[in-house]
């Protein structure tokens, strides 16, 4: 396996840095996008949600001016300051009164901080909220609602309280001259000039609105007031409001959508404007500023409004808030200009605008920087790190820090590995052989290290080990969170807790510390402490444990190294006993005798060091492998005890290595084979499809990241080998964090959680990976468990989501999956839990008692559904609105009836053209009965979102011919009186059977008639069977269901009888088509004229076989089950609704023409 590099891909740690710095200080903040209209909120932390009482889903996509927190006591001037700071992309502190969702008021200090990207452009704003005072605790009246309404009695106390707070500062105005002169410096006298920070009074409920990109025009005469007049205007006098373009009332709120095609927010970034605009103090942004301006007795020197403040502003640019500004100094052209021209901004249709260009005169520089007296990073307590930039950032590496995966560190590690191997081999050899030989040999000349090359190498090794310790203090490491740590302090602490002690003991140069003491044996023993470095070798070589060949080689080297150590010990035992032994039976004496180099009486002589070492190594290898030949044998007790130990070690080594070599190779190659097999497949795929290099690198990095995360374990393959009950427990354990902490799952039972855990799947995404593309089908719901993502529409960031956020679409509102309205891209390494739509609905169907709780508790942080790409959405009943009803009711007839039941009496409220037979449509000229044949057909089902009174109305074909009177419908059927009185409760039976009557009418009279689709009066369920047909009363749902079933049975019977009647009609037509009489008949063939033939014999007519009578009989049969008390509709003209037998007599006057040659005559 390669070196564990950690998360080294470029990540956007903007959100993580802000959260890490703010959460520990209980900060309450929001993040807004500066590149979209109204600066929509794209992130808010939990502290802000707790402060205002709104959930994150309710705050997302709202304007960052937080106008939804405004209330009666919200100062208009403070709201204007926030809007001006957003317009000018400048830092500012504003004190403002906000209202929570429950209506309680609190005084808040808002810090507006711009955030720049790597190019120096402001792309985001951070607004930090700090509660200064709870206004309910200082004697405020009953809780005010944060919804604007008409002025009430609390206005005067609220205004007086605010005035008392500002009075000491306002009285200081008498000690200075006015800084505003007519036509003087600053451009105050210029026509159309607008002073931004003007109002110190709280905003009253208004009927006008002011968007972020618009500033109201003030009266020009305010700029020319003197000191006394100015103070008087502030204390008591109020100027009339400026003229508006229209004298009538205007809406109090003008909505600005973030995107016309988006469905995220419909709120506006607007601040209210009082009808009574009080006089203003020019160039004063707060009461403290007014106090500070008292010291300046002389007015500022004259300068143009657009350039006068440019020079002091250059020094203010050094107060940077981003990394890019700390690196380079942006030119003055990159900052917001002092003068903004209203030609480039969007006009307000509710405010009057002069023909000349209007300018916003920016406050003076003291006002611009008065509320920001220190760096924003210090104000927001960001510590040493400056405000992060919103961009992909590689892991920040400290200066003089070495990456643990860098090429230099890899080469250095291999060098240290070679030195450790040298130490492991030569340190025992020197301690056992060379030091004793030096003591016994002649005295060495005074040549220092030149005569001892091993001593020089040992000195170099000691120096290299000390340097390695210093390098380890500056080498990065990977923590438990897979993050690369480069901070020197954290690296030092990590090294002290780890391998520092072992490395330090192994690097001590003992031969230099006790040089000249004469104790060479002690130095040799102390130098064996270098063998502790072997632990580092084991740690370094652990990365190669996945490769079977490397493991086998390491085991063989370990076996040889142990044999080398044992050979040194074997020689030390024989050398220690040789001088003190009277009998010459030791293995060294036997070796000297065999080689002809015996030891003399003084203990000198004997074999050479080379012969001794080779013989000792031969003995240890033969003993470890259990292949002893006997030519070198232990004779003394010490030698025999040592031989026993060697045999025990050899048996263990032989059994564990050589006896199981095949098993070891097979075991070690299993994971390696899987890794290389998968990597080979990936590379073959890349080669076959010719994947470009950037994409190829992403594939390989993702594969390595996924392999290090899962170690190549296929979770699905592992789970399939266990029973389902055990699979559910394992999945419940793997998803325990999500199921325990996510609010929608808290009320679920254990069985429901087990079923949900079986459906969840975990997804890992590296930085820059796109999880969902715009236009993709939304088939799953995503839960973020680690990392942060961004949602983009084009190149515009609309939301930043972090841990515990949910994105997707509300499945309970839509019957079919929709399409995504943006791209979802990972900013950091992310772990997400996703559950497919069908799986979630299946589980909720199995546990209906939990379904309602889940849908009510589920808050999707960002809705990805694009309602504009699906026909009929967002309110079409084909896609949404009553999803549970569509799942339970499959018949369209029942769905239409339920909608009519839920909206009784709403047909008449739809207005002209919506009800087919209502009075509103009849009274309109050219109503639905008089429309031209070219009019298009009506929609079969109306959207539920279009209005509360709209309901689906079925279509029917009606004959359309020449114009008729306004009160008469097509086919000669005027509207009945009861239907006119209650258009929403027309007779359902007549509506259901009218199609049958029209069929026969079409056969009877088809000349000059056309057909078009016209909406009928909807037939509500309560007026079906045994109640008065004109009654608009409502019935319980169970009664409606029973009556629907009865109506369905009647329709079935009608269909059966209609089929029989049709067969009779076809038989009659076949008889009339017989033109040639039979041979036995005396009747001649009739002439060509259709009316010249008359029957020879008088034949009684058959009323039951006529077309009209068949229609009447069918309607009578369909209504025969009506109760006796059911009233009848009054008949007008030839209307055939609910025909009775008494009407059949008038139809017998038309005889049926038959040929006299008919056999039945």
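Note that Cβ sites are derived from N, Cα and C of the backbone, with glycine treated the same way.
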If you check Swiss-Prot, which of 600, 631, 735 turns up marked as N-linked glycosylation site?
600
Among the residue ranges 523-543, 670-690, 691-711, I'd like the one that Swiss-Prot describes as transmembrane segment.
523-543
With respect to the membrane, does Swiss-Prot record residue 474 and residue 544 on the same side?
yes
620-625, 626-631, 632-637 - the range that Swiss-Prot marks as motif 'Selectivity filter':
626-631
Transmembrane segment according to Swiss-Prot, located in which of 385-405, 406-426, 427-447:
406-426
Out of 406-426, 453-473, 523-543, 641-661, what stretch is closest in contact terms to the transmembrane segment (550-570), meaning most Cβ pairs under 8 angstroms?
641-661
Would you mind splitting the topological domain 'Extracellular' (635-640) into helix, strand and coil residue counts from DSSP?
4 helix, 0 strand, 2 coil
Distal contacts, the topological domain 'Extracellular' (635-640) - CB-CB under 8 A, six or more residues away:
570, 573-574, 577, 581, 585-587, 590
Tell me the Cβ contacts of residue 600 (N-linked glycosylation site) under 8 Å, same chain only and six or more apart in sequence, or just say none.
none
Average model confidence [pLDDT] within the topological domain 'Extracellular' (635-640):
88
